[in-house]
Structures are given as C-alpha cells and as structure tokens.
Amino acid sequence: MKIVLATGNKGKLREFRQMCQDEVLPFSDLLGMFEIVEDGDTFAANALIKARTIYNKLKEKHPEEAYVVIADDSGISVPALGGIPGIYSARYAGEGASDKENLYKLIDTLKEKDFKSTPAYYTAAIAIVSDLGEYVVHGWMHGNVIDEARGDKGFGYDPMFIPAGFDKTLGEMDDGVKTAISHRGKALSLAKPIIQMLKNKEKNASDLK
C-alpha cells in the first residue's frame, strides 16, 4: 500500500515526512505536477477535493494498486479581521502568490489596522481517501499574529505567528518544537491510527487472496 500526499508544497511534504514513520510520496512522483482547483468553502471540503482528485487519477492509472491518499488544507484566521485569510491563506495576496507575498500582505493589513499583536489561530484539516473509505480530522493551534516577520524557519505565516504560551514565532522555533504543538501535528496524530487501520485492513484482505 502506497501512502501518497496530495500536495506540491515542499514545506508540507517535509512536515508530513517528519511526522510519519512511513515513507510518504508526493503525488507528483506518480502523476506529474498539476494544479487542483480548490473551490470548497471549508478547510475540510478543500482537503477532500484534493484527496479525491489524486486518488481517482491514481486508480485510473494503476487500478490494481492500493493507495492511501492524504491531503491537508490549512490556513490562518484572524478574528479581528473577520476571520481572514482563512481558506484563502494560500492565495491571500492573489492567485499564484508566494508564501512571502502572503505573509507580508497580512503584516501590512495588521499595520493598516494599527494592530501590533492580535489573537489568531491555525486550522488544519486532513482528508484520507482509500479503497476502504474517506475520513477527515482537524487540528488547531491558537496564539497571536504580530506586525513583523521574525525568524526564517517554517513556511507560510510562521514568521508572524506566536503560539499561546510561547514568546517566539514559529519561524524562530526548531522543527521538533513546532511539530509537537502545530495544528498539522495535532491533526496528523488523529490521522495516524486511521492510516494504520487502513493498512491493516488492506494487508488482511491481501492475505485472504
């Protein structure tokens, strides 16, 4: 059974590989790189769109193979700004915007509102699609966003987000600390037993053949 990650984001792939003991393949290794239209209105809907798209294409190409496709949709929400960027976090500065462009647009928005620091939270939805069903789990991380970028670790909005109980941004933290507290880490801790269950069921089914 192959575990395939439905993302082309190198930062996300690195995080998933750190958190998973199994080898995780980016979908581009099997299908080549292409864009997936994410037109859902929630993180969960977008994660499912990505996972289903990759799963269906893999099964068309290799119907005899067993796959577990994992997709995550995540973003940051700032209540004082009406919840933005939310599900538009990856394209807050426009379609095709870089992480840096999105980051500095949110920093500029905070400055325009004269917010030095304000509460915010990350959401991660992980969708799991296989022959044996579909599942979605969530994880959250609360803290504050600040009107400057600090640190060069992580990706996305990490350099402006300070998790609750810490005085450093995610961009200043080592990967091990970040993984232990991150929204994606929390969601993946719920996804892992589901993935293991699917692997066990697939193995049992193979043994009976």
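Glycine is no exception: its Cβ is also placed from the backbone N, Cα and C atoms.
The following features are taken from Swiss-Prot:
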type	residues	note
BINDING	Thr7, Gly8, Asn9, Lys10, Gly11, Lys12, Ser74, Phe155, Gly156, Tyr157, Asp158, Lys178, His183, Arg184	substrate binding site
BINDING	Asp73	Mg(2+) binding site
ACT_SITE	Asp73	active site, proton acceptor
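Positions of the features from Swiss-Prot, shown on the structure.
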residue	record	CB count, 10 Å
Thr7	substrate binding site	20
Asn9	substrate binding site	17
Gly11	substrate binding site	13
Asp73	Mg(2+) binding site	27
Ser74	substrate binding site	25
Gly156	substrate binding site	22
Asp158	substrate binding site	24
His183	substrate binding site	22
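Residues Thr7, Gly8, Asn9, Lys10, Gly11, Lys12, Ser74, Phe155, Gly156, Tyr157, Asp158, Lys178, His183, Arg184, recorded as binding substrate, reach a greatest CA to CA spacing of 21 Å.
You'll find the Cα of Asn9 (substrate binding site) roughly 11 Å from the Cα of the residue listed as 'Mg(2+) binding site'. In three-state terms derived from DSSP, Asp158 (substrate binding site) belongs to a helical segment.
Across the structure, Asp158 (substrate binding site) and Asp73 (Mg(2+) binding site) are spaced 16 Å apart at their Cα atoms. Annotated pair Thr7 (substrate binding site) and the residue listed as 'Mg(2+) binding site', C-alpha to C-alpha distance, rounded: 9 Å.
Reduced to three states, the DSSP call for the residue listed as 'Mg(2+) binding site' is strand. His183 (substrate binding site) sits 11 Å from Asp73 (Mg(2+) binding site), counting Cα to Cα.
Rounded to a whole number, the C-alpha distance linking Asp73 (Mg(2+) binding site) with Gly11 (substrate binding site) is 13 angstrom.
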